[in-house]
Structure formats: C-alpha cells, structure tokens
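Note sheet for the following structure.
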Amino acid sequence: MGVLDSFNCTKRPWALAVGRYKKEHLFVGLHDLPEGPAEAPVYGNCPKDLAYIPHPPRFEPTPSRDKGVDSLSRVPTEPSGSGTRLDEPTLFSSTARVRVVGRRELGWSLGRIEYRGSASHKAGRVPQNKVPLFVTARSTAHGLLGTAGSGTTSGVVNEQYYGGFENNDKKHVRLSKNKTSIGRRRGLMITNVATRPPPPPSVTTTPAHHQLEGLVNAETTSPTKLAAWRSIRRERWEGELVVEGEIPMWLKGTYIRNGPGMWHVGDYNFRHLFDGYATLVRLYFEDGRLIAGHRQIESEAYKAARKNNKLCYREFSEVPKPDNFLSYVGELANLFSGASLTDNANTGVIMLGDGRVVCLTETIKGSIQIDPDTLETIGRFEYSDKWGGLIHSAHPIVTSTDFWTLLPDLIRPGYMVVRMAAGTNERKVVGRVDCRGGPAPGWVHSFPVTDNYVIAPEMSLRYCAQNLLKAEPTPLYKFEWHPESKAFMHVMCKASGKIVASVEVPLYVTFHFINAYEEKDEDGRVRAVIADCCEHNADTTILDKLRLQNLRSSAGQDVLPDARVGRFRIPLDGTPHGTLEAALDPNEHGRGMDMCSINPAYLGKQYRYAYACGAQRPCNFPNTLTKIDLVKKKAKNWYDPGAVPSEPFFVARPGATAEDDGVVISMISDKNGEGYALLLDGSTFEEVARAKFPYGLPYGLHGCWVPKD
C-alpha cells in the first residue's frame, strides 16, 4: 500500500494519515498522538481509547483473519505528501475496526480494531503501540476530515472524506478510489474529539446519530468561506473552548441560541433563511470557563425529513412536493387542519417562570420543550386549554410570573390576547383586538408590553390565505402588502382586557419590537405609550433579501435595506393618530437595525440602552453589533470585517444598579469560515473575551439566558 497523504495539522494534538489498499480502497489512521498513559484524562466522556494514546511507532495492521490477503503496509508516523490543515473538529469511532471483505475490498463495521491477528482490545484502554484505524465513508463530498491535497502518490486529487457517515437507509458507504459502493451497515457510534482536554469536571461529548443523507451537499460547497449561510455539518457536538481574555467570574449560567442551522434535505436546498431546521447552540459559563455545544431540535418535521430524505412539512417558503394529484389534495386538506404545518421550532427560545425552557416558531405546534443542560428535545409543549389555533407570535413576553402572547384570527381578522401563569400550561384570554383594516390580520412576529398594557401592532403586511395555498413562494411568501388598509397600533389594559387606544400610524414594517413604556404627565397619569422597534422604513423587500441565494451571492454589495430605531408614540387621550419617527439618526448604526435586546429588568419600563445588530456599509446583512443610547442618541459599534454576528444578548451583573452593567454575548461567523463566541462589556462595549469554535457557525436568531441554580 502506498501512502495517499497525511493531514498536516498544526492546531491539534493529533494528526491523520490516509492510505489505500490495492490501489482502490482508502482508510484513515490516527498517528502522532501525544505521549501519555492510556489512563490520562479523556475528552469529555469520549472513550479512553481515543483520549491520550501512547505515541505509536510504525505499525503493520493485519486485516481480519477471515481472508488470506496480504498485510497492509505500514503507515509512517511522520506526515508526508502535500497535506492540508484541519479546520474542523473530527469525528472518530472508538468501536470501528478495519476488516477485509474481499481481496480488493476494504470496508468497516462495528467492532474493535485488530492488529497482527491479536484479539480485539478492551474498551477503555489502548494497548501499547496500537493505533485505531478508521475507514472513511464518503468521497467527492465536502467532508469533516478535510480534503486530501493534490500531488499525492495515489493520484487521487482533491478527494474529500467523511468519518463515520451514516445515511438514512441503514446502509454504510464503502469508499473506493473512483466510486462509492453501498453495503449493509451496523450501528456506529460517532464521538467527537475536543481540541484539547478540558480540566475537571468532565465535559460531555455527545454522540452524533442519524446524520442526514447528503448532509453536506451543493450548498456547503459554495466558494465563499463564510459559514453563516451553510448548514451545520453534524447533528451535535460539545466541548470546552479556549478563552482569549477573561470571562467575568460572576457570569454563571447558560446562554442558549436558537436558529435555522440546516438548509437542505438530501440534495434539495431550501430557499429562505427562515426555512432551516432548528439548531441550538449552548454556551455554559462557570468559573471563567466556557463549554460550548450544539444539537438539532428533534421536531417531527426534522425527523420526517431525516427518515424520508425529503421535505414533509410546510416551512416558511417551502412546500412538500406531492407524488401525485391525490397526495396534493391530501396535503391541502392537511394544511387546513394544520397537520401539514411545521413544528420546526427554529426561531426563539424562552425560559418560563417555572424554569422550563421552550423553543418556538410561529406555529403553535412548533412549541418544543428542551433540556437546557443537554439541549435534548423533551417533547412538544402542549397547551391544556381549549383555545387551539394554528399560529401565534414567535416572541411571547415572558416574566417570572407571566407568559403573554397574541393569537391571530385569520377568519375574523383580529388577535386574541392571552396570558399563561407560570407553572401552568393553560392560556387564558384577556381580551380581543379587532383589526381595523385589510382582509386579514397583520403579521405579528413580535409585540411589546408596558407595566399595565399590551400593545397589539397591526401592520399592512398581512397574512394571505391564497399565498399559503400556492406551491411556489411569492415575493412576500405567506403575506401580502396592503398599504391601502393602513396601519394601526392597539393598546389593551392587562387588568381589564379593554382597548384604551386604537390609533392609525404611518406605514411600517418590523420583525422585532425592542421595548415599550408609559409616558406620564406631571401628576403621574399615563398620557401615552412609547413603543420602539427595529423598523425597515415600510420596505417589504427585506423578506426577499433574506433568501439564501441572496445572502450567499451578494456579499460585498450594499443591498441591505435601510432600517432604524422606529419610535411610536400612541396617545391615550382619544387622539385618532399616533406618530412614528426615528429615535436617533440611523447613520449612527449604519442604517441597519435588527436582532435587539435590552436589560430584562427594564422590560415595559422607561429605559436608555438597547443592543442590536447594525451595519457597516456596504453589506447585504447586518454585520455589526451596536449599543444604542436613546438619551444621548448615539451608538457604539463593534465590527469584524467580513464577519456576521448574531443577536447581541445582554446579561446583567448580579446586584448591578446601572442599566448597562453586565456583558453582551454574541456568536460570530467570520470571513474565514470559523466561528467564535464573543463577550463585550455592556457599558464600554469593548471586547472582554472570545472563544473560538472548532468549526464554522451557521447564523442563529434568538437566545435566552438560563442562570445557574
């Protein structure tokens, strides 16, 4: 056997060698591992035989005794060939063994590794001079193990590999030089190896199961290195990150971010940012350390796609492709019943007053409870009341005692305002808001509250039943723009459910409200409600700008529509009109504004600071983090050229009295295809610490903070 190549890795305590047998089949061997006893600390709960392995000399692994074939030639311990860096964490199996299933076929199956005809080694310990072999499982696809460099002895140029690949039809892939053959597959546990061994306590390294067929396909082989708009490359991973700077010792808890992280099924690529299957990312802070991980939400939509290798539920812009006319009719029937609507909870994540953590999207069935410590999917969050419904706001208002949300009524246009007490699953109707214009209620992705009022926004961007029925998306997807229907803001008393104001306002388009508060006169009487939002200048093209094709192809072009901090003033004295104006000069934040957060202690109260994503022009997506001072009407901006930051989330320091005394957490996808967690000082907005992920991060949407204990 000639050596195909060696992966030359300068950033890892291990390296890889790739070889071939009889000029046809390939395998991967671990070598150049650090000196140390087999009992040395492990990477999380990774089996010890993949932790510290004694430095191996040259070895000659002998194939299974079933077949009388020649031994494989030795693999050198020193790297050779052109090689390539490994910029991704690598998957290895602690239970894989190399066997020969024919004179010219080298495959793999569940078992232990055999050397020189000896018996399989025991679990949890590596014999001296024994190094696991791992057969790669896929060629000609972008793989986690990297890409073999050109100019190697085998003549295989730019061959790419997977480690431990499992596909949906219970088969495994046997790799050959020129083709991929399919054989029967036994279950294979996949384990991730962290970049370096974390100190005690141990870090959980979660096995990855059931990876999607075609997990890495055309959309991941884009020429751009930016990982923000590419699917996550595995279902789950966890490990400790190396921190640059200092994490405040008071920061103890878990930040969980939700968002679409997988934008394809098999070879089919989704169209829109909001279509992707939900990926949770977890950052656990304690004693200045940071443990990170991610995991897919096991929604019915995701599991069905994984099982059938196709789209099975309606996503934001995607509709399942019917096999025939009868299936098309059945799918329409399921649409009206709500059965075909997705439960892909890829938008937000909240912690209820009783500590339960729930992931959300705009379909009610897409309310899924998770374990915040493991990110494991617990199951659907079931409401125990009679109100039913198909959709709700993706951003409920949650406090230690209450859960408020809006239920749009598509039949009799309006919104039901409901409240759910902490510790219960029962929503109780507080009141109803009837829409004043349009054939349907306006889209209500989010809404604000004050101490005493709920504000129901009625945009001219309205739900459209006809667009829901269409097999192909329209420019506005499931909505329709009705400027003639005008726009309104409705204010409801929390205590009585009565409408205290319903005013017409200038046309607006917003995804996210920032906060609201009550404006009082000298005698303390409420005379108006102030509501702030990330407003897109009534420009509906923002929806289409979020198509993945646009995000992937227009980097460097100034195509991001302008946005501002839009401030509504809603008078409560019976005046029929409210006002909408910019709370500060939009140029302070580059005329980009979205993905906002505040100090939660100021929810519904007069406040000064907001944190959001702004813009450094030219750009096609918000690319800065910005701190807004609504009193001085100034902004501080953080910028990493070419990077895409996610929502800046503020965590207050325990016992703090200043509104901005805390840290801001964000996750960044940088221009080199890598990702890192970022901490900024909430007051100075200067970097406090960062920690690099061992792989690129897809863009995420919204998060929540789960304090320790």
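Just so you know, glycine gets a Cβ as well, placed from its N, Cα and C.
TrEMBL labels come from automatic prediction, so no person has curated them.
These numbers come from a predicted model, not from an experiment.
According to TrEMBL, H445, H512, H702 bind Fe cation; the candidate from H395, H482, H490, H536 that the record adds to this site is H395.
On its own chain, H445 (Fe cation binding site) has E362, S393, A394, H395, T510, F511, H512 as residues at least 6 apart in sequence with a Cβ closer than 8 Å to its own Cβ.
Counting only same-chain residues at least 6 apart in sequence, those with a Cβ under 8 Å from the Cβ of H702 (Fe cation binding site) are R257, N258, G259, T347, G348, V349, H395, M595, E647. According to DSSP, H445 (Fe cation binding site) sits in a coil region rather than a helix or strand.
Same-chain residues that are not part of H395, H445, H512, H702 yet have a Cβ within 8 Å of the Cβ center of the Fe cation site turn out to be T347, G348, S393, A394, S446, F511, F513, L701.
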